[in-house]
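So the structure is just underneath, and the comments pick up after that.
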């Protein structure tokens, strides 16, 4: 497989702290290898700042990271050219929350029915929600809703846990939510409209079979890193917006603070909720099939 070409530039020392803080907010793991000021790593990209001021970005997510974050928000210069705009009407689907111990699973779909609607998504610089700060998500979500037809399924923990007990498999549950949204959004007849989704299972067959049970005639495209498609990216923003607002709802309802992710800090917080609120409340704010849940229960027995 041909790897993307690394991006190399020069970074002013005055921006070192700003970049590091922004990467930390995005969940990058920070380290300090020899001869560097720091290095930030995510699942798709590494960003290394050397003592000389040279900055090197590598990994399969390089272009998106540079085009939508590094250049506009840090460097304030532009060298990477936009890819050719795909203006075909289509449905994009994505989810948020599947890796978070606390909170819901949110799946969102966006149907961009016209060239104008897709051009508008490009104009407001829609990109993968993981490259956007949480503070910017709500306003972008409002813009997307004004431009496209949208659908969101939010499974709060109580409902999520019941469905997981039925499906016994996260990918099967994801396939059901994705297929339901595609069926709801697809025009009838489908015509030339197709659907695009991230390939979240090892086999494309998992989602394809779920879609075929509901809608036999729509073309389905599954890709790794599908969020690079502007309509899927729009769906990722809607899903993230639903996740963030739902977390606030749970925090208010149960008077607890809920951290995102599944880190050691999250585990410690779960222990505190179990101690202060009891197991029934913990089960209403978390995904009980996570190993963390059983570790927390075991630590108090």
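Each Cβ is built from the backbone N, Cα and C atoms, and glycine gets one as well.
Owing to the predicted nature of the structure, the values given are computational and were not obtained by experimental measurement.
Quick look at what Swiss-Prot lists:
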- 94, 95, 198: divalent metal cation binding site (BINDING)
- 88-301: domain 'RNase H type-2' (DOMAIN)
Quiz item: So which other residues, same chain and not among 94, 95, 198, have a Cβ within 8 Å of the centroid of the Cβ atoms at the divalent metal cation site?
Solution: 93, 96, 107, 174, 178, 197, 200, 226, 227, 232, 235, 236, 239
Exercise. Measure from the Cβ of residue 198 (divalent metal cation binding site) and count the other Cβ atoms within 10 Å, all protein chains considered.
Key: 23
Quiz prompt | Stretch-averaged pLDDT - the domain 'RNase H type-2' (88-301) | solution = 93
